[in-house]
Amino acid sequence: METILSPHSLSPLFNPKPSSPKTLLSSLQPKSNSLSLTKPITSSLKKHQLQSLKPSLPIPTSWFSYAQQGLAALALTIALNFSPLLCSNALASEFDVLNEGPPKETYVVDDAGVLSRVTRSDLKRLLSDLESRKNFHINFVTVRKLTSKADAFEYADQVLERWYPSVEEGNDKGIVVLVTSQKEGAVTGGPAFVQAVGESILDATVSENLPVLATEEKYNEAVYSSAKRLVAAIDGLPDPGGPTFKDNKRESNFKTKEETEEKRGQFSLVVGGLLVIAFVVPMAQYYAYVSRK
């Protein structure tokens, strides 16, 4: 069977009826409501995003400020901790040596920081052997600069008096001081120590071993050679001697009067010979040319 659709039944599909104004308004009304609802949603989302971003922005700023404050505090702490050391090394190290007293385990107070580990070990072995055999104790002190005393001798006496206040304590003690900036040294001690070493060896050590090698910045050799010389004197052995200042007199670049006169005579002869050649040779050539004609 065939179903026949009438034109009236198809008209609503292909030819919709024009809607009335009320229908249009009613159809538009929900759309406007939907639009009005979407607008605040989008705006609220944007506001929510902005509000969520705003609190996150100060976090890096506050972190950076905290880092700056931490670094500033660290720098201030380092400056406060190390600046006294720098100042004391240059100005007050001599007072630190006086206040700390004699070394307990070693025989060296290397406040100048110029002695190597090998030199320290050699000094300990040499001086401990001397103390065990002869009961003489020798301490070596190195400082960079003296500000309280005029020279190394006064400072050495001050160290001896501060470390060993009584005569009994310092009777068999010796103090050797080396000032690196002034390139000088001093040796002092109690009465028994001075008598055992002898004035000649004391003077030779102060005038040869310490200043000569310190001038060449051979501080390790200066200290160890002085120790060997003092120990040899206490043991009654022959003096090993010490270095002497080398004659480093530089030759003058200026010529002496005799050398100047000699050079001047040679220069005159050379100039005179050139002048003669310059005048005689052209004249001889001209004369030979004329004589041919």
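Just so you know, glycine gets a Cβ as well, placed from its N, Cα and C.
Note: TrEMBL annotation is automatic and uncurated.
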Note = For TrEMBL, the entry region 'Disordered' belongs, out of 1-28, 113-140, 169-196, to 1-28
Task = Using DSSP, break the domain 'TPM' (108-232) down into helix, strand and coil residues and give each count.
result = 72 helix, 23 strand, 30 coil
